[in-house]
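The following features are taken from TrEMBL:
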- A:9-30: transmembrane segment (TRANSMEM)
- A:57-423: domain 'Ammonium transporter AmtB-like' (DOMAIN)
- A:85-106: transmembrane segment (TRANSMEM)
- A:152-173: transmembrane segment (TRANSMEM)
- A:185-203: transmembrane segment (TRANSMEM)
- A:223-242: transmembrane segment (TRANSMEM)
- A:254-274: transmembrane segment (TRANSMEM)
- A:307-327: transmembrane segment (TRANSMEM)
- A:348-370: transmembrane segment (TRANSMEM)
- A:398-419: transmembrane segment (TRANSMEM)
Amino acid sequence: LVWNTNIKWSLPAVCFVWQLSMIILFGVFVRYNEESDTHWVDYRKENNITSDIENDYYFRYPSFQDVHVMIFVGFGFLMTFLKRYSFGAVGFNFLVAAFGIQWALLMQGWFHSLDYTDGKIKIGIENLINADFCVAGCLIAYGAVLGKVSPVQLLVMTLFGVTLFAVEEYIILNVLHAKDAGGSMVIHTFGAYYGLSISWVLYRPNLDKSKHLNGSVYHSDVFAMIGTLFLWMFWPSFNSAIADHGDGQHRAAINTYLALASTVLTTVAMSSLFEKTGKLDMVHIQNSTLAGGVAVGTAAEFMLSPYGSLIVGFFCGIISTLGYIYFSPFLEEKLKIQDTCGIHNLHAMPGVIGGIVGAISAAAATNTVYGDLGLENTFDFTGPFAKRVPTIQGGYQAAGLCVALCFGIGGGIFVGLVLKLPIWGDPADENCFDDEIYWECSSHPGLQQPHDPQQTCRHVSTGIKH
Amino acid sequence: LVWNTNIKWSLPAVCFVWQLSMIILFGVFVRYNEESDTHWVDYRKENNITSDIENDYYFRYPSFQDVHVMIFVGFGFLMTFLKRYSFGAVGFNFLVAAFGIQWALLMQGWFHSLDYTDGKIKIGIENLINADFCVAGCLIAYGAVLGKVSPVQLLVMTLFGVTLFAVEEYIILNVLHAKDAGGSMVIHTFGAYYGLSISWVLYRPNLDKSKHLNGSVYHSDVFAMIGTLFLWMFWPSFNSAIADHGDGQHRAAINTYLALASTVLTTVAMSSLFEKTGKLDMVHIQNSTLAGGVAVGTAAEFMLSPYGSLIVGFFCGIISTLGYIYFSPFLEEKLKIQDTCGIHNLHAMPGVIGGIVGAISAAAATNTVYGDLGLENTFDFTGPFAKRVPTIQGGYQAAGLCVALCFGIGGGIFVGLVLKLPIWGDPADENCFDDEIYWECSSHPGLQQPHDPQQTCRHVSTGIKH
Amino acid sequence: LVWNTNIKWSLPAVCFVWQLSMIILFGVFVRYNEESDTHWVDYRKENNITSDIENDYYFRYPSFQDVHVMIFVGFGFLMTFLKRYSFGAVGFNFLVAAFGIQWALLMQGWFHSLDYTDGKIKIGIENLINADFCVAGCLIAYGAVLGKVSPVQLLVMTLFGVTLFAVEEYIILNVLHAKDAGGSMVIHTFGAYYGLSISWVLYRPNLDKSKHLNGSVYHSDVFAMIGTLFLWMFWPSFNSAIADHGDGQHRAAINTYLALASTVLTTVAMSSLFEKTGKLDMVHIQNSTLAGGVAVGTAAEFMLSPYGSLIVGFFCGIISTLGYIYFSPFLEEKLKIQDTCGIHNLHAMPGVIGGIVGAISAAAATNTVYGDLGLENTFDFTGPFAKRVPTIQGGYQAAGLCVALCFGIGGGIFVGLVLKLPIWGDPADENCFDDEIYWECSSHPGLQQPHDPQQTCRHVSTGIKH
């Protein structure tokens, strides 16, 4: 047998058992919070809340749906650029995210939303957003191994990824009390190094056996632009979704909007400058244009100021595009990290930059710029952290970045070793990047002619193997 | 002549006459309501409304736009999976919905938004959402007859469908006082049986003459995923769009989010389990993953609890996928119902399940769980229904489901008979599922080479007929 | 050398220098406004604002994101209809818009958001929406020259276009005090005549050398429908995004929803009626269905009444479709205006109609219909304009339309002459509408077979030149 990809039993078993576990755990642990429970009507009266419009739902639902689109359409379609892996890109992205959000509600719930009076996790709209965020980390990691792993491996990656995420997030946000509204550290740095480490452990020396499929065709590049654009457009919602009500969300959206705009111009400039004939490369346009959104994540709700955001975007467009041109080949040849989507350029480097920008801008915060109340509100210098000052906060921000890196790399190596076990049905080297391995293709005999462009994946694939 | 599809006069005539009728009827009947009229500024003062943000527009507009995307992009692109019927899928969906929303504003307006002081229908954002909902019923029905009817027939289906919808909706929601926030009964059950009954009456014994076109190609399956994902992502908005302000909308979104996540896992499991080689089938991923959203529609604003939603989604993924594998062939061979998109599996069965779940969860509602005020608010036990109790409500919910079924089946048979008249320009059996019948294709001579993949629909079609 | 399209130095130079200029100008001029600054918390207290939900962010952010989607996905994908210019359509649209929104924030800021106390532009969510609007004017103009200009030319067009836009907008909205919520005059009329005038100056007598690429293929038409539908669905958000809080936004959304629905029916009717065989033409469905949204722009927040909106949409569907059938060929042959996307039919004529509808409906406004307060609020008859009456307002609206026309035509001729200089790297006549000129295509050797449908743009293009 050429490949050991028969997932007939393992995939259904994992899906059923894990979904049943979710039901049991939700039954034991998860309830509505006071804003999504029918007791809201009583809660409102008791707390003198004048209108239903002050339910957190109305502050966050529009951003939530934008984030939701980023997770399912954004990440899913961004990965459809491969000529014969669009089903796997969008389909496995769908599967992984649907499982991940459930597990994330539990894991994050235990750490952040546990009601100690009754031992229940109380969920509302903010939990849904955070679950989507948590899954984003795993989908970033998927980008590194796209086309080289089985759906069962992806589910395992997600199970561990969400778990690791919830712990590092707790350490960074709660223990260190670092701020990370858009998740440059918690989501992007962690997710990217998690995926790169897994890819390093799963290195395939003979991957060039399927290199004829490791590229795009005209229409697959257009499909990928759907992903790019929805990510790009909705990134202001991503970075502002869980920011503070009022000016916090408002400012995070503005900063992200500006950083992303700036990135587009420097990405185009670099793409043209470094190609022999001055032509643009779709890979850069699809990916590097997003780097500014990643890098402005941590500082999005800070008083980064509009030109500060533009500067962050400016450099990230340059660095990310250079990454695709010079660093990705280096990673593959020297460090033996095969990174299908180039997440090192889109998430890892910009994520680290974002963490650093966050640390610097936190350390530089002053009462003059923020106002006394504004400073306290923005950094939550209250309760046990009432005495913290901006310079100290900067140090904790930097510590948070280190935690994200350690969890990403350490967790990735561990999970990579687990995924190296020969039981997961991953494709052989010559079957990578090929939908035919995991997808039944609905071909009809009437159209099966040689060179027929409209034929289904089964036959194109067969054709290639001749 | 091979087909009687010349719609040169009938289609323009129907479009013009009906649109003119809409203008006249709107002129006579439709006005702005107090929240969309310039008198809002006076209304606010008179009613001590402290802020413009309490205008219903701000409670519902984000959900409205999500629903709008589901209707036009969601339904439209979901049906693009056929290899040569993408124009018809997305284009006729567009036409039908654009007509239907106007007619729905009138029909639903007469039943629900008539101001008896002046005999005018007063519309606001909630009417727009309800019009979109009403059209959803007709678009579901379109799924059963996709590729086999003319645009004129679709418009006739929509005219009658919207009319029937408004009546059954009035009976279910107002007379029986059943609750159906997400329309499991009113929209999905009605729409699906309406479409299946029409398809049954229009049965084509020789449809296999065009079976070479009754399937997908690689890129058409990717296009269809655009529809799937926008439906999936925005379904929480669909089920919460007209729910009660505050906790009602909040809870409906959470329940739907969870049910849909659960459905994805069991759909994948079943798809893999029941294919010989364990491969996944795009048909299931595109459709069955949505069944949980349908089935949680009625109970979405109830205290179904998070694990309850997961359970509903769990079973619907299984049932819907089994429907595609076993029930669709049975329907076609034994019951003579040709269901192009498998709406029986995506809307009919999950819709009925949704009605049943709604009835049970209403009957099981208690003051302990809901709170006294919460129970009254959620089920609107006020006015003439002040004395109704949950167990009785459960019975009325079940009655509502029966009404939806009767209207769907009865109305569908009647409309099917109307559409059987040989005057509507429907395609011959050998021309079904073919865009060339109704669409001018903008081919350019320069590209017309044999085997040219980039050729337009005219020539692929011609090629096939050789 | 066949073409002078080497943009290796000019494109990076323009991108870098302009982006650096943006950073410097933003550093000098742009700051957060009181609702996006950390001082919001103080501002709230001082102004007795009871809740964060009254931050303008929550009134406008959902509409902003819809508008953002229209700009990047809507305009971008609408232009992907060409068989070999999808990268250019969606990619250059992306580049141009990303630059334009930055320059627009500055230009519009100086005219509208300058804080005279400190000489800074103070930005918030409304500025982001207006920047997107401003860019829409330039993207409309791009439609006329699609496939015939270099990205550097597009950037130059945008630089001048945004500048002209800001001035005409200031004259129309501030000096004349005309109302134009949805920008029929300010955006569509200006943008369309700007683009048409440029195209007139850049007339290419030998453009038929690349006419084999000036058309669509099956899948490119489906991609274009993504653009059409997102524009169509979100147009109510476009026209209401900067309308007055409360009833203003509410009514603008309703009017636009209705006008667009009506347009779809008459577009379909005309498309079928004027094709020999009664078939529909995708060009009409993709474009003319949007004309109602353009034409209802100015009057969207007026008491146009629902049937008034339907009437506007009715006629615009007819006129726009007739434009594609009769007027576009006339424009090209007689007036020497080559209009790739037919913006004359989608934006110019409907924009002018919108201006006229706005003038008439403003002139016809009465206290009876609007209420005293409503009239004052809707037309802002306050401050220096406190004594203006509706009939006079109608006159100023008409004057506004003339200003938009003059700026569009005059500005377009000037910019066209600038773009005629032989330094911009525009494609030769035989290389128009071809992505290969400006895009590196990520082809892999494994797939380069004759007639291979999955090959990349490089090879298709080469094939065509044989």
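Just so it is clear, glycine is given a Cβ too, placed from its N, Cα and C backbone atoms.
Keep in mind that TrEMBL annotations are predicted by a computer and have not been checked by a curator.
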Folded-back contacts onto the transmembrane segment (A:254-274), same chain, C-beta under 8 angstroms, at least six residues removed
182, 232, 235-236, 238-240, 280-281, 284-285, 288-293, 295-297, 299-301, 304, 306, 308-318, 320-322, 325
Taking all residues of the domain 'Ammonium transporter AmtB-like' (A:57-423) together, what is their mean pLDDT?
96
Between the transmembrane segment (A:348-370) and the transmembrane segment (A:152-173), are there at least three Cβ pairs closer than 8 Å, leaving out pairs fewer than 6 positions apart?
no
Sequence-distant residues near the transmembrane segment (A:185-203) by C-beta distance (under 8 Å, 6 or more away from its ends) are 133-134, 136-145, 148-149, 157, 161, 164-165, 168-169, 172-173, 178, 294, 297-298, 331, 335-339, 343-344, 346-348, 350-352, 354-355, 358, 400-401, 403-405, 407-413, 415-417, 419-420
Stretch winning on C-beta pairs under 8 A with the transmembrane segment (A:9-30) (pool: A:85-106, A:152-173, A:223-242) is A:85-106
